[in-house]
Amino acid sequence: MALLSDLLGHAVLSGSVLALGALGEVIAERAGVLDLGVEGLMSLGAVVAVMTVTATPHPWLGLLAAGLVGGLGAGVLALSSVVLRANQVLCGVAITFLGLGLSSVIGRSVAGIPISAVFEPVSIPVLSSIPVIGPAFFSQNVLVYLIYLVLPALVHFWMFRTRSGLDLRAVGENPAAADAVGVPVMRLRALAVILGGVLAGLAGADLTLAVVPVWSDGMIAGRGWIAVALVIFAGYRPVVAVLSGLLFGLVTAVGFMGQARGWPIAPAILNTLPYLGTVACIIVPMLAFAKLRSAMAAPAALGTPYYRSGR
Amino acid sequence: MSAVSHRTRLTVVPSYRIAIGRGLSILAALSIVAITLAAMGRSPIELAGLVVRSTVGSRFGIEDLALFMTPLMLTGAAVWVGIRVNLWNIGAEGQLYAGATAATAIGLFTHWPAFVALPAMIVAGMLAGAAWIFVPAAARAWLSVSEIVTSLLLNFVASLLVYYLATGPWADRVTGALASTERLHMAFPEFWGAVHLGFILALATVIGLGVGLAKSRFGYETAVCGSNPQAAHYAGIGVAPRILAVLLLSGALAGLAGVFEVAGTVHRLQGGLANNYGYLGIVVALLARGSCLALIPAALLMALILDTGIVLQTTQISSSAVLAITGLLVLAIAAGDELAAYVRVNRT
């Protein structure tokens, strides 16, 4: 019982990073921008959070700084891939290089030093005393509640119940039509990319301030790319993206458990689980259910820059 | 008589405009780097002098450049054949590991003479690279699953597996070297300092690929599939098998890079062997644009940047700085190429 609870708790915690990154990516991709900079922005967010918290021991300040840096980096991406309309794949990969390289350079002074100011678990009365799922779901840090409950609800409401959310989706599906009825295509796309970047930066901060309280080079280890893949798996739906973050947290947690309990499998092999699991999860459903292909389809204009004169 | 000037976007951009745009982009990226270095209290001019002296300024430097160029030309070609038909293989890093692992298996566990073993390594490495991309390629071809993310995620798997092999079952038990296999029994012969046959073979591969794709039916049909899949379908060209074929070719090229890297340059399989060559291949392919032969100078430029990273490392600047510089350069060039397409048109 304690094992199951531990496993779930770890899944919720490590899944929150993926969920947050994927949520940001959903926003950008729904607006038609394939944002491949998540990995780099997460890395920058993670290191900036650690540096801020080392200077001033307030985790909230670290979170804020990480969000700002994520937004700033995404601003560069928006400028190049939305305003200048350069190739989105290249710009995203470039931002990832830039983010990974820069965070390694600026993080040298704090690398390997554990931080003390982290988000502590908050137990919710009554609910946290439910056996098994109580400790796993209801005595987590405050970010977990924000990421799994508040944010997805907000994003879902915005995207599917408000006028500006409809505009956002229109820009991703058919920018020419949106433009024709007066929706500012470029502004909305840039905004979506920046918002996605803020969430990616926050996801990085979530990793260092709540999951692994230390910065080390390469610690993002593909979490940003998994987040991008989860968006495909979730069929570009915010709530599903967050839930699939939880699912992949579970896959990570199984590998982690195996290591901690000394299963007779090499740790390196166990560590391949999240990546293989992600690849399997975006391919197998397509293979098994042909009907899913249209329901889970990407926004029609995803990855294509919009030219007003283009016909 | 007031002249109205507005900007219009060219569909075909003349190469002189691209050249000017790139010159300005590279200048802009380098200026940002120089300003950052100056802000960190380093003299950019002194560092630049150091970089020039330790790369093109010495025999060792030039040998190093050739060694860096070898895998870069091939991973660049791997990404390039994909981009040519609108496919993005960003998993060259993983395919490089797969190729290197296959070559290592032959190098460690056989005692064949070199004239048998080396061709066998090449074949096995290319097959392994192609096999590593097979699942993402087939999923892209028949299920329309984006190859970008699937090919990339397998990089992490390959890197972990190579680390596992090099520290576990294949670890060096003879000299007890940390985290690597023992030295391979055979190597590609060196012909000029440390520069080995792999360099010539990589050059020949790039040239052969350029000519082959330009002249062959396969090259033509894949180009049609890339630019207009529907037209290709109506013309009786099966799109899915050709997508698969292009991606397998891409994987095989990256695998070949792994063969030369392990059996020519490093001689041992170890974690980190791929040294970001797979990712940098994206940059090389971007620089080469539409021309396959341009992969060669593009790989040279990238090799220079890599060497710069080593120089920076010796002056106490993190080697990861080179990754940031590369990112900046890609961003600047991608934007510059796009801006070069805009011309001012005067109408009266």
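Keep in mind that glycine also has a Cβ here, set from the backbone N, Cα and C atoms.
Since we're looking at a predicted model, the values are computed, not measured.
Annotation source TrEMBL lists transmembrane segment at B:24-45, B:65-83, B:95-114, B:120-139, B:151-171, B:191-213, B:234-257, B:277-305, B:317-336.
Long-range Cβ contacts of the transmembrane segment (B:234-257) within its own chain (Cβ-Cβ under 8 Å, at least 6 residues beyond either end) map to 70-71, 74-75, 77-79, 81-82, 84-85, 87, 89, 91-93, 95-96, 98-99, 102, 122, 125-134, 136-138, 140-142, 147, 202, 205, 209, 218, 221-222, 224-225, 277-278, 281. Residues of the same chain lying 6 or more positions beyond the ends of the transmembrane segment (B:191-213) and with a Cβ under 8 Å from any Cβ of it are 59-60, 63-64, 66-67, 69-71, 73-74, 77, 81, 84, 122, 219, 222-223, 253, 256-257, 259-261, 263-265, 291-293, 295-296. Here the transmembrane segment (B:65-83) touches the transmembrane segment (B:277-305). Their Cβ atoms form 3 or more pairs under 8 Å, with each pair 6 or more residues apart.
Listed by sequence, the residues of this chain that lie at least six past the ends of the transmembrane segment (B:120-139) yet keep a Cβ under 8 A from its Cβ atoms are 89, 91, 94-103, 105-107, 110, 112, 145, 147, 150-151, 154, 158, 201, 243-244, 247-256, 258-259, 263. Across B:95-114, B:277-305, B:317-336, stretch B:317-336 shows the highest tally of CB pairs under 8 A with the transmembrane segment (B:24-45). Here the transmembrane segment (B:277-305) has Cβ contacts under 8 Å with residues 18, 55-56, 64-66, 68-69, 71-80, 83-84, 90-96, 155, 203, 206-207, 209-210, 213-214, 254, 257, 261, 322, 325-326, 329-330, 333-334, 337 of the same chain, all six or more residues outside its ends.
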